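Worksheet: the structure to be examined is printed underneath.
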Number of protein chains: 2
Amino acid sequence: MESRKSLQFLVLSICVTLVLVVTWVHLPSSPNKVFLDCTLSSAWCSSKNRIQSSTKPNNLIKKPQQSSSTTQHQQHDSDVPHHPLDPLTVQEFNKIHAILAAHPFFESVSKYTLNTVSLEEPDKELVIKWKRGDPLPARKASVTAMVKGKSHFLTVDLNTDEVSIDEKSSVVSGYPTMAMEEMVGVLDVPLKSIEFNRTISQRGVNMGDLACLPISSGWYDLPVEENRRLIKVQCYSKKDTVNFYMKPIEGLTVLVDMDKKEVVSISDNGRDIPIANGINTDYRYSVQKLNGDFRLFNPISLEQPKGPSFTVEDGHLVKWANWEFHLKADARAGIIISQVKVRDPETSELRSVMYKGFTSELFVPYMDPTDAWYFKTYMDAGEYGFGLQAMPLDPLNDCPRNAYYMDGVFAAADGTPYLQPNMICVFESYAGDIAWRHSECPITDLQVTEVRPKVNLVVRMAAAVANYDYIIDWEFQTDGLIRAKVGLSGILMVKGTTYDHMNQVPSQEYLYGTLLSENIIGVIHDHFITYYLDLDVDGSDNSFMKVNIKKQETLPGESPRKSYLKAVKNVAKTEKDAQIKLKLYDPSEFHMINPSKKTRVGNPVGYKVVPSGTAASLLDPEDPPQKRAAFTNNQIWVTPYNKSEQWAGGLFVYQSEGDDTLQVWSNRDRPIENKDIVLWYTLGFHHIPCQEDYPIMPTVSSSFDLKPVNFFERNPVLKLPPNFKDDLPVCKAHDSS
Amino acid sequence: MESRKSLQFLVLSICVTLVLVVTWVHLPSSPNKVFLDCTLSSAWCSSKNRIQSSTKPNNLIKKPQQSSSTTQHQQHDSDVPHHPLDPLTVQEFNKIHAILAAHPFFESVSKYTLNTVSLEEPDKELVIKWKRGDPLPARKASVTAMVKGKSHFLTVDLNTDEVSIDEKSSVVSGYPTMAMEEMVGVLDVPLKSIEFNRTISQRGVNMGDLACLPISSGWYDLPVEENRRLIKVQCYSKKDTVNFYMKPIEGLTVLVDMDKKEVVSISDNGRDIPIANGINTDYRYSVQKLNGDFRLFNPISLEQPKGPSFTVEDGHLVKWANWEFHLKADARAGIIISQVKVRDPETSELRSVMYKGFTSELFVPYMDPTDAWYFKTYMDAGEYGFGLQAMPLDPLNDCPRNAYYMDGVFAAADGTPYLQPNMICVFESYAGDIAWRHSECPITDLQVTEVRPKVNLVVRMAAAVANYDYIIDWEFQTDGLIRAKVGLSGILMVKGTTYDHMNQVPSQEYLYGTLLSENIIGVIHDHFITYYLDLDVDGSDNSFMKVNIKKQETLPGESPRKSYLKAVKNVAKTEKDAQIKLKLYDPSEFHMINPSKKTRVGNPVGYKVVPSGTAASLLDPEDPPQKRAAFTNNQIWVTPYNKSEQWAGGLFVYQSEGDDTLQVWSNRDRPIENKDIVLWYTLGFHHIPCQEDYPIMPTVSSSFDLKPVNFFERNPVLKLPPNFKDDLPVCKAHDSS
């Protein structure tokens, strides 16, 4: 028996070794050098597009279809900053890399990770004062780094080479955004485990078909979470489909120590659950069997034969119609829009609307409390990097013809810069909509029909945080309205089940979602996207005014009417006055006004935030995920401007304990009247999956608006011309040309 | 003294006579013949486009820009119906006219008005059974008429010439939709009054500058309202601007008996309020002084060099991509969409989604209880005719190039048909949006980017109910979603005021709105648009299921999570179970399911109604306007199908007392489970005007969706192809061609 056991062990060991060797080749490599080099590993590794100062960027991505007049996609290695808010350049990244590598703090350690390296923006007053032609304020970088399992926050002065270390981690919980190399680097850790290999084999999955995901494990105040950075790895089979998400190896969760790269524990509860067959889940065009029944369209295209009407100066300053703003890519936020100004048609003056706007954090809790699912409560910006996950846009499909594409330049985990090509696009959109119109009718006996077409400018990125795709749009309209829109597409996170028909499910059993296909449940979840909106309406000092719409009963004899609605205005004094939950039956408008600036007839100038369809978080406020994502406790918040309060879930969101959130800041209840204040808006979605979401989801969108309210003296697009036939292009089909 | 008084009276009389003579020429004529003839009066009079069987339609409206391949704008006098739901044709209108004129009921009276004449649709079962090639079911017309101050409802059988009279007016209150000639015909009634002429003159308004509006007076249970049809006339000065709405003669209200055409009383309370100067309120392009500062766009256009991808068969059957539906113009509803079907990509079968959908009623209460404003609580469909007010669309501006235009053919007050040209447009839209997408990211080491552009089909009309313009869109998406969208533009209804700056307004005074310009207040109001949605999901018998999203607390020890959200399904048994008020903190999905039809894995097939931004009516339920518009008491209702329950405010809405509304029907609490049922959805807007709305409003939009939920086995647009460069057209600027 003894020898038999030994033999079994030997065979098993050989198998495991073999598997490990094979996997080593097939999975992304696990770099263990100080400076990562993944040129030999993943084709997608961020180092692939690493920029060497002596060589051209290794950018294999096809170039967008451009009108020949648009010059872009310059070589980024010679970029220089032109504006105080311009992102760090290749040369600056290289300099930071050199400064840090030589710094005693890093010199003394054998291994560290630079999790984020980004511009430390100059003080707001400096930026506002700065004019083109002025020298730039001192260039600085903010760096978050993991050294010996601890979070660090550093500032590097690029002029003086000085490094200052701010030990925020002694004050707040959590870890920095994962570097892409860290996410990839944990995926082969489970393979070190015999138990893991055995169960994979027992479930009939070939190691070559294994696809695993690094799933942020949240924080649940458990002993295992203390003093270590954890991640959970769950795996799928990619046999016969590129859409491995539809073939989960259900119930198998490997808890990994992210820094030590070792397995902490394995939970394996789904051995009786078959892996779904994945038939017809591959969504790629190349594998579709097209039949004649699906009618295709004649080509339809947004055409601008004279080219687009916007310009991008110095790589970042977008000018279009009556708008001007600074646009850049950011590894954590994705898109950052700054110094948004709109031209007043009465005075021709450019007037400030918003100093800075971006998606500050996301919260995506899944609604299944069982072992393999309860922890799925993603905070995609702070944990994964919303910009890091924004893959190159597909020209003609992600954005129409004549789009302008902007690259991201980020730092790899070792600090060397790399290129995220075509990460953001900018384009003009015309959907056939109407900016304003009026016809006179027979009643008035006037023959008037005046209609103006509506053309917008869209700034877009698409972040694919593993399975889900978030399409983030900032839409600028000529009437002064800014629409922030989120589209959800991509692939559901699904759960394996033994059921292949609803009639097998006992009536008392709750599935936590919808049976989408045989052995596949789409688990219910929410999405919340919290926007940081530093509105500066005609200057920094603003007030937040709630215009409450209230039923007013008339007095007896006052009117044949019993009631009417009255607008009751209340200016918020402190932060708690501005913690707002939206109510259909107690409605309000939410104005950001400048109390010192009035229109000709005496209304304070303002912008209002206009919610549209949305969802609120209904989790228990004391539930650990909700505590960490307490920024979703209200739809609207207003805080005094504070340079350090930009990330709604805190600076270090990974495994954070909820001690550094917007809720914590706002509860200080600081004065916010006639001050430099920031408005936060959370857009939400409840998602009960349905079969139409399988195997890939049609886009679902929602949005909110920032809209001028007594900001202009009158309709700012009164002078917009209509379309005349001779304005429009002459087109012919490509195959007839 | 006596003679002096006589002289004064003589002079005044001469003045009044002179004024009356002048006005007679300038205002629309007041026809008093049985068969109206307004060929000599208003250029806009519905008779202008009157169709004579011997002549071509007198259609002065310019034709839309068409691709030469599209044939349309046939001569309507030879139209024949091809489908059971096709609207009445010119020949049918003429026949009805002849039948009624010869009928004893009308022969015996000297004067009557046909308020509405429209197809009496055949029974639903007949329509559903009918197939192309079958003979049409009997053609019938529904007629509402005013005879001797009483409402009548008649049915005319076009095959048998039989007329049946259904005395609904003995059961329900109210009067039919006003005929256009009635609205116009009351405008000169005030001129018969010396008092009116005197006050107009005293306010310094030249009779030649007078512009008056017929304002439905509502119903307030006042003795004056008993047994007569009333309307209120309010006037404006059109001196120096086409935008007379901005120059109200405030406080002057003339109560007119609509049938007797006489003044009942005059209320004149605003003599101290100056008429606003109207400077810069003319919005027409031709009068704008353009300056170089307003940047214009390079041309941008939706181009389809191979033409649109939809067809309109037999004038009404629209086929596009996977959709097919019947489309027609209606004088009361505007657009009616019927027999909406979508093709299932798995089976190629056309599947029923909705039997009929249209805007059933509007409710627009103004929030000012004072004498000249309290009654402004419009119900635009039932009072004014939403389709009657839908003026010709402006090609290239109201709808893009390649749009198809559909005419309306309606009956004038005397029953003769007339043409409403270009009333509805149909076009394909591409805004640069994304139907679905997914990119794989570095984590998964797969190189996949698949993106599909989103092309929609839009059906549009624009109804200008005097000042306001409603842009009504039905948007069909290839993923099975139908979006019903309402855009509000046009001109505010404003109130004159003595104030020209907010600092003159005492702090305790409430203005009922916003000071928009000197002497002009934009009064707060709501808009509600109630849709009739006879969803027939894969057949007529459906159930309404509320999927309530509820917080579920976990049991101690069950999970590290304290809570999650659970979907709790409840099928409505009776109507009261389906009277729904939307709640952000008690959210639900609202499914219309077919309990007899399941997907492969056993989910009932369904469509859900998905609200977006909306507003609820907050008026007192016992307030007379709210009682009349009780259909706005909930956002969602479900009623059993009943052919006579189509108009949410009742058949006779004008001066109705709220005894025939959706609320009354629904309160019967009839069973609605697994029955042919109708869903009603109300889209609402609170509108606190702002200066940007002056002098013409930038479009504000909101919408709701009808969305497949387990209707398809899987994503129905999986096989949609991406755009390839060679698909797209080759264009050049018009001036370079």
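Each position is counted from 1, following the chain as shown.
Any Cβ shown, glycine's included, is placed from N, Cα and C.
Copied from TrEMBL, the annotated features are:
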type: ACT_SITE; residues: B:D380; note: active site, proton acceptor
type: ACT_SITE; residues: B:Y468; note: active site, schiff-base intermediate with substrate
type: COMPBIAS; residues: B:74-84; note: compositional bias 'Basic and acidic residues'
type: DOMAIN; residues: B:83-163; note: domain 'Copper amine oxidase N2-terminal'
type: DOMAIN; residues: B:176-275; note: domain 'Copper amine oxidase N3-terminal'
type: DOMAIN; residues: B:302-718; note: domain 'Copper amine oxidase catalytic'
type: MOD_RES; residues: B:Y468; note: 2',4',5'-topaquinone
type: REGION; residues: B:54-84; note: region 'Disordered'
type: TRANSMEM; residues: B:7-27; note: transmembrane segment
Quiz item: Taking B:D380, B:Y468 as the active-site residues to compare, which has the smallest set of other Cβ atoms within 10 Å?
Solution: B:Y468
Quiz prompt | Within the predicted model, mean pLDDT of the domain 'Copper amine oxidase catalytic' (B:302-718) | solution = 97
Quiz prompt | the residue listed as 'active site, proton acceptor' to the residue listed as 'active site, schiff-base intermediate with substrate' - Cα separation in whole Å | solution = 10
Quiz item: Which state, by DSSP, holds the residue listed as 'active site, proton acceptor': helix, strand or coil?
Solution: helix
Practice problem: In three-state terms from DSSP, label B:Y468 (active site, schiff-base intermediate with substrate) for me. | Solution: strand
Self-check item: Within the compositional bias 'Basic and acidic residues' (B:74-84), residues counted as helix, strand or coil by DSSP
Solution: 3 helix, 0 strand, 8 coil
Quiz item: What is the three-state DSSP composition of the domain 'Copper amine oxidase N3-terminal' (B:176-275), stated as helix, strand and coil residue counts?
Solution: 28 helix, 29 strand, 43 coil
